[in-house]
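Step one of this worksheet: look at the structure below.
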Amino acid sequence: MIITIDGPAGAGKSSIARRVASELGFEFLDTGAMYRAVTWGVMQQGIAWDDVESLVEFADAAQLIWQDDRIYLDNQDISEEIRTPQVTSHIRYLADPPRIRERITAQQRRIATGRDIVTEGRDQGTEVFPDAHCKIFLTASPEERARRRQRQLAENGRVMSVEEILAAQNQRDLEDRMRPVGRLRAASDAIVVQTDGMSPDEVREEVLRLVRECVQASAANSASSDVTR
């Protein structure tokens, strides 16, 4: 079974997806780690960022494995190596070009085959797993997301005004909605969860409730299909 959780930056998708996966006994698929892994591999190979053909070729040949919350590239565990600022600053070269994104999307589908997965992003329910059993679109107002981000930064010793965060966030939202491939949008069959004023625990419980309803409905449909055969 595949459960997708999409939404804008700052909506809390990653933390909620991990908690939901843990509660259900599912695996959490960190699709961002996959883009980071390919980015790291490109850096190790010294491929130029403007050499799109070579980038596509590398993404096509890369052997990605996601196991026990660890990411492997060509059988090498690089789960720590991909979390550097250098990798972060270059992800866009792999995440934006449509041809490269298609290759990594194919790898995500391959990894998810036959597994119970919770995955999050901005296009998981629309582009990557359009036939997912349950699709959640997690969102909040721009102001709410900016306040949450400010609190997260403060916990790590960084100080930024809500206004600064909001301006950067609005720009990213605009860019994410305008992307030619994998743009930010709710799938037509996604359940939209508006989280303004909700605590992380309240969001988790609401998402779990919705997911369990999806699981029950899926089981009922499967049983009905078996009866009619």
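Using N, Cα and C of the backbone, Cβ positions are placed for all residues, glycine too.
Swiss-Prot annotations:
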BINDING   G7, P8, A9, G10, A11, G12, K13, S14, S15  ATP binding site
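Features recorded in Swiss-Prot, as mapped to the structure shown.
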{"residue": "G7", "record": "ATP binding site", "CB count, 10 Å": "25"}
{"residue": "A9", "record": "ATP binding site", "CB count, 10 Å": "14"}
{"residue": "A11", "record": "ATP binding site", "CB count, 10 Å": "24"}
{"residue": "K13", "record": "ATP binding site", "CB count, 10 Å": "23"}
{"residue": "S15", "record": "ATP binding site", "CB count, 10 Å": "13"}
Quick check: with G7, P8, A9, G10, A11, G12, K13, S14, S15 left out, which same-chain residues have Cβ atoms within 8 Å of the centroid of the ATP site Cβ atoms? I16, E120, L138, R145
What does DSSP assign G7 (ATP binding site), in three states? coil
Assigned conformation of K13 (ATP binding site) - DSSP reduced to three states: helix
